[in-house]
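Trainee: Here it is: the structure, laid out below.
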Amino acid sequence: MAGILAWFWNERFWLPHNVTWADLKNTEEATFPQAEDLYLAFPLAFCIFMVRLIFERFIAKPCAIALNIQANGPQIAQPNAILEKVFTAITKHPDEKRLEGLSKQLDWDVRSIQRWFRQRRNQEKPSTLTRFCESMWRFSFYLYVFIYGVRFLKQTPWLWDTRHCWYNYPYQPLTADLHYYYILELSFYWSLMVSQFTDIKRKDFGVMFLHHVASIFLISFSYVNNMARVGTLVLCLHDSADALLEAAKMANYAKFQKMCDLLFVMFAMVFITTRLGIFPVWVLNTTLFESWEIVGPYPSWWLFNLLLMLIQGLNCFWSYLIVKIACKAVSKGKAGKWNPLHVSKDDRSDLESSSEDEDSEPAGKKPHASTTNGTSGTNGYLITGPCSMDD
């Protein structure tokens, strides 16, 4: 084990030439980031999760009820033992051959069976109230941490001149505000990665899991080798759009459509500007070029920039989805009806189907697909047109 630890903490990988871990030990004059500080993130992540449960129960839920957001979920599928057995034991997405077989067995038309499976899948989706509470929690945290980050950074020299991220590196003392900011962000991402398995199931589960893992690794990595200054720039920049998205989602669940559209447009503008404009021009420029000039490359420097490029790749992917859905909505002339929300941090579609597909079957033996309720939404869900794509 000692040999493994010695190999893992090899100074020639983590630190610039002629710098050792002994040089970065805490003294009476200065405090530096220590790897053991990262253990604080685990109890704090648990505390954040508990605060979230309390917040959603005693703050978010009363707010949702005050906005007339109900706890009932999507429409219930008509009870049918045969279809239920297929759904639970075989497949939730029957192919054409199976649909034709079920149609003959039940004397139902294929479209009605397709609708039944859609409604049955939607039964497992959470209610609008649950979604609103989750979005309100994230909105509150994102807003708090972004405001804290801005207030902290505006007092630092590296916000105004990014070359200060590298002057006297790695002998840059760790301040209490920087330490708090870093550990808070790391704890939140740990809580997100764990709660992702218990939260609303998302179609982009894999992409978001990769994002959380990369974020945790990047925060931890940059803290250990004292790249925390540039790390704060990355964190604050990526937090800038998140609160707007969650606010837009809350407006959607409360059926404030005009406010929802306005907030989404603001979110899209901030997201694309910060992640495709400011991030590469400002942050990647200093990590790739200014640091090369002032400090010079070393093994962990390459890995750090590789992680930043991975984050930028995800930014490009999400920006593409935002633009794609916006263009799709404009081209179809449905700017007032489309669901713009689930494109970046939460591009999951609220329901799988259109309003026509959400209609209930008649009580008769052979329901007809032509029956429709003519509505464009149910319980705060926007269900007009095809599903929005996952972020």
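Cβ coordinates are placed from backbone N, Cα and C, and glycine is handled just like the others.
Positions annotated as transmembrane segment by TrEMBL: 38-55, 180-198, 205-224, 260-282, 302-323. The DNA-binding region annotation in TrEMBL covers 85-128. The domain 'TLC' annotation in TrEMBL covers 130-331. The feature region 'Disordered' is assigned by TrEMBL to 345-391.
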Trainee: Based on Cβ pairs under 8 Å, which of the stretches 180-198, 205-224, 260-282, 302-323 lies most in contact with the transmembrane segment (38-55)?
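Mentor: Most Cβ pairs under 8 Å with the transmembrane segment (38-55) come from 180-198.
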Trainee: Using a threshold of three or more Cβ pairs below 8 Å, and leaving out pairs closer than 6 in sequence, do the transmembrane segment (205-224) and the transmembrane segment (260-282) count as in contact?
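Mentor: No, the transmembrane segment (260-282) does not contact the transmembrane segment (205-224).
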Trainee: Determine how many residues of the DNA-binding region (85-128) DSSP places in helix, in strand and in coil.
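Mentor: Looking at the DNA-binding region (85-128) with DSSP, the answer is 31 helix, 0 strand, 13 coil.
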Trainee: Which sequence positions outside the transmembrane segment (302-323), separated from its termini by at least 6 residues, show Cβ-Cβ distances below 8 Å to it?
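Mentor: Same-chain residues near the transmembrane segment (302-323) but 6 or more away: 207, 210-211, 214-215, 217-218, 221-222, 225, 227, 234, 238, 268, 271-272, 275-276, 279-280, 283-284, 287-288, 343-344, 347, 389-391.
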Trainee: To what whole number does the mean pLDDT across the DNA-binding region (85-128) round?
Mentor: 87
